[in-house]
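Taking it in order: structure first as structure tokens, then the write-up.
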Amino acid sequence: MGKPIVAIVGRPNVGKSTLFNKLAGKRISIVQDTPGVTRDRVYAEAEWLNYNFTMIDTGGIEPTNDDIIMKQMRRQANIAIETADVIVFIVDGKEGLTAADQEVANMLRKSKKPVVLVVNKIDSLKYEENSWEFYNLGIGDPITISASQALGLGDMLDKVVEHFDRFDADAEDDEYIRIAMIGKPNVGKSSLINKLLGEERLIVSDVAGTTRDAIDSYLETEQGKFILIDTAGLRRKSKVKEEIERYSVIRTYASIEKADVCILMIDAQDGVTEQDEKIIGYAHELNKAIMVLVNKWDLVEKDDKTMEKFKKDLQGSLKFMPYAEYLFISALTGQRTHKILELAKKCYNNYNKRVSTGILNDVISQAILMKEPPIVSLKRMKIYYATQVATKPPKFVFFVNDASASHFSYERYLENQLRNSFDFKGTGIQIEYRQRKE
């Protein structure tokens, strides 16, 4: 299961972006932040009190017309309800309670999702009593903050992480392999999911999320137990294309975060697009197991070398993830679709693989004998031993004399040795150097 997702929701100009940027400004321990598909930063990886979580800013465009504001607020609330594990609902302590706040609070209350009510712009104690009227929203005790001055953020985050125990305890689905089918619209994701569900007779259930758009399908096959995570985009039309794109990014990111295996589906006639690269880039950065499905292969004119050439071109476009598995299919005709779950299971097994310390160090010792680390800044890194410290993805720690003497080319060499020895096809692996005195 991925990290808990925390979504920030609120009216325009209440301080959503200020709060998000303050939290992403390394005033709490931000592990990593990555730009989204749009120019706006959509999410950031964060840590508080040893809890790792993902923040999502539902912000987007800030309208001025009251009717448009209300429509946008509903969309924000829906996307937060659909994707988040905890919702931070931010209101304006200086402006006071509004009808828009009331309506969104009603939506959040009905969703049964944990909500942390935050009253912003309480810049001094004299404004503290401004928070009292927000008790009327009926979604718990308001927490007062000043996002711009970073006041009260610790109390807010304490309240947020209180809800994570419930999230961590919900492990009933741990025996299932979570698969996110990702890709641009109209590439055939829905057709493929329907085919997989239609061909498998042991479907356990279809569990609908909090909105009609979020449906995860549970199925059992000879290969194992799987959850197919729906990554459908917004189906309603909107004049504001940028806003729709932002919500689509949030949906896709949330699906990837929750997945073990991410399957990028591309159109054989289009090849890899910039949008494809950005979408699968999320999965790569989050170190998920990755497969690439080339759909509509039945429509391509080909000879016995076409597939090999096509795959080579794809690997050139996606060279940042050379470990990915590839499969050429037709969701329409069913060509090779029976191999998808089998390959997904293989990727998952490698993603979850553990190597014994003894065998690992035999491989590393042999690798060092064949090629010793280079000299960097007049120093040569000495590797004492290595151990695997995690799975999903496999993470290896190398204890060395001087971590600053490491070189990326040698790290790549070590990674290749690990891959050749232990078959980590379909998953990223992580390498970390830790300094140890001789």
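FYI, residue positions are counted from 1 along the chain as it appears here.
The backbone N, Cα and C atoms fix where each Cβ goes, glycine too.
Sequence annotations record features per position, and here Swiss-Prot assigns domain 'EngA-type G 1' to 4-168.
Here Swiss-Prot flags 10-17, 57-61, 120-123 as GTP 1 binding site. GLY10 (GTP 1 binding site) falls within a strand segment according to DSSP.
The domain 'EngA-type G 2' annotation in Swiss-Prot covers 177-352.
Sequence annotations record features per position, and here Swiss-Prot assigns GTP 2 binding site to 183-190, 230-234, 295-298 based on sequence analysis. The Cβ neighbour count for LYS189 (GTP 2 binding site), using a 10 Å radius over every protein chain in view, is 23.
Taken from Swiss-Prot, the feature domain 'KH-like' applies to 353-437, supported by sequence analysis.
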Between LYS16 (GTP 1 binding site) and GLY183 (GTP 2 binding site), the C-alpha gap once rounded to whole angstrom: 29
Which listed residue (ASN13, THR58) has most other Cβ within 10 Å, given these are binding-site residues: THR58
Same chain, 6+ residues apart, C-beta under 8 Å of the C-beta of ILE122 (GTP 1 binding site), given in sequence order: GLY93, GLU128, ASN130, SER131, THR144, ILE145, SER146, LEU151, GLY152
GLY183 (GTP 2 binding site) and GLY10 (GTP 1 binding site), Cα-Cα, nearest whole angstrom: 29
Nonlocal residues around ASN186 (GTP 2 binding site), in sequence order (Cβ under 8 Å, 6 or more apart): none
Tally of residues which DSSP labels helix, strand or coil - the domain 'KH-like' (353-437): 32 helix, 25 strand, 28 coil
